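Heads up: the structure comes next, in structure tokens.
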Amino acid sequence: MDKVNELKEKGNTALNAEKFDEAIAAYTEAIALDAKNHVLFSNRSAAFAKAGKFREALEDAEKTISLNPTWPKGYSRKGVAAAGLRDYMKALEAYNEGLKHDPQNAILLQGCQEITASVLNMMQSQGDIPMDVDPQSSSPSFERKAPPSKSSEPPKPAEPRVEDMSEEERKKYFAKKEKELGNAAYKKKDFETALKHYNAAIEHDPTDITFHNNIAAVYFERKEYDECIKQCEKGIEVGRENRADFKLIAKSLARIGNTYRKLENYKQAKFYYEKAMSEHRTPEIKTSLSEVEAKIKEEERRAYIDPVKAEEEKEKGNEYFKKGDYSNAVKHYTEAIKRNPDDPKLYSNRAACYTKLAAFDLGLKDCDTCIKLDEKFIKGYIRKGKILQGMQQTSKASSAYQKALELDPNNAEAIDGYRQCSMNFQRNPQEVLKNAMSDPEIQQILKDPAMRMILEQMQNDPNAVKEHLQNPAIADKIMKLLESGIIQIH
């Protein structure tokens, strides 16, 4: 369970830092150890959703609910995932089901409101082609109505008489007809014909922003992105002049954001998504905004990488280290790491500074990163050994030096460190016990009732150790007790 909690915290930290793949990996590893833990599936669902992997997010949310049907968060996870997949009915059902278990849950109530607003917005458009909810597309979508039953089918309204209409009504009537023809052509991907009808609609009624939005959708599908943006801008201008519904303005702005996103101009996309949100907030735009913000952060991180400048900063750090100014050395090594985060030597150097400053936890973390980047980097194991010695964790220090000696049996620093650890094991029993008991891992082993019984059995029957060493889990614990000096086998 300690390992599961450790992995869960690792996943939480990565999720908060928007390192979604790292979070998913940590939660997955934890789930492999505890497949009945509903919180782990819930957390991984959140990570998948943040990464835009809504199908996987939905699977984890449903697993969460199956493991704990009365836990409201499972239903909120399902709602977010379903909304991401544009399955609004499923999202609404999930939120409502969660509210049965917790009627005052703020997250579930907010989810219901957002989904309801989105659905109503689509229903009230009255034939308008709404912005496609796919954040990567600006295709129009069309309302699909279920056919009424034959017994209750109302009579079709009579076609209005054009000759009875006013001039204004006649223009809007013919504009609507042209739009409907454009929609039909669009569905068939006959974009040239669709453009013809949408432009004809504008000739009849130049005051309607909808027609410009429709034309922009056609240009988006044809990858004519400059024309798409121009049509959206023209539509916004027309909409402002004629006091169009703010929701339609938001659609135009979001479509511009989608277009810039396709062009991989994420900063411009972010700008327009934010403008769209200021007009009308929807879950789709909110998701798109979060996704491009993540892209911007990644771009900025990559843009900052410069191995040449990293080397310059490392040399400055080395100079300060030689002078004994470890605080300034840390600053320069940290800057070097930002400039080249995949160089293990930089973490090793900073770990040396942390050791001098007695910041052992930070040093240990850098050593682990160093080793993770290069498992054959001997200096990383030696640094780790020295830090663990400083933390009076002799058995772990000895293991680190052993790793270094496996890579280079003649390494003087590793030999000396291992010898010092061995000498510590030979101290008087009281001192050995004191050092060992300061190690939380050793404490946990000794508190285990099963291990106490095994140790008792080994004391009465030394040959019993051979049998217990056949069990890998027990063998690992026995080896840790041996390394710490708690037990000895003659």
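Positions of Cβ are set from backbone N, Cα and C atoms, glycine also.
Now, the feature entries from TrEMBL:
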type     : residues : note
COMPBIAS : 156-169  : compositional bias 'Basic and acidic residues'
DOMAIN   : 439-478  : domain 'STI1'
REGION   : 127-169  : region 'Disordered'
REPEAT   : 4-37     : repeat 'TPR'
REPEAT   : 72-105   : repeat 'TPR'
REPEAT   : 175-208  : repeat 'TPR'
REPEAT   : 250-283  : repeat 'TPR'
REPEAT   : 310-343  : repeat 'TPR'
REPEAT   : 378-411  : repeat 'TPR'
In the same chain, residues at least 6 away from the ends of the repeat 'TPR' (310-343) whose Cβ sits under 8 Å of its Cβ atoms read 304, 349-350, 352-354, 356-357, 373
Sort the residues of the repeat 'TPR' (378-411) into helix, strand and coil with DSSP and give the three counts.
27 helix, 0 strand, 7 coil
Number of helical, extended and coil residues in the repeat 'TPR' (4-37), per DSSP:
27 helix, 0 strand, 7 coil
Model confidence over the repeat 'TPR' (175-208) (mean pLDDT, whole number):
94
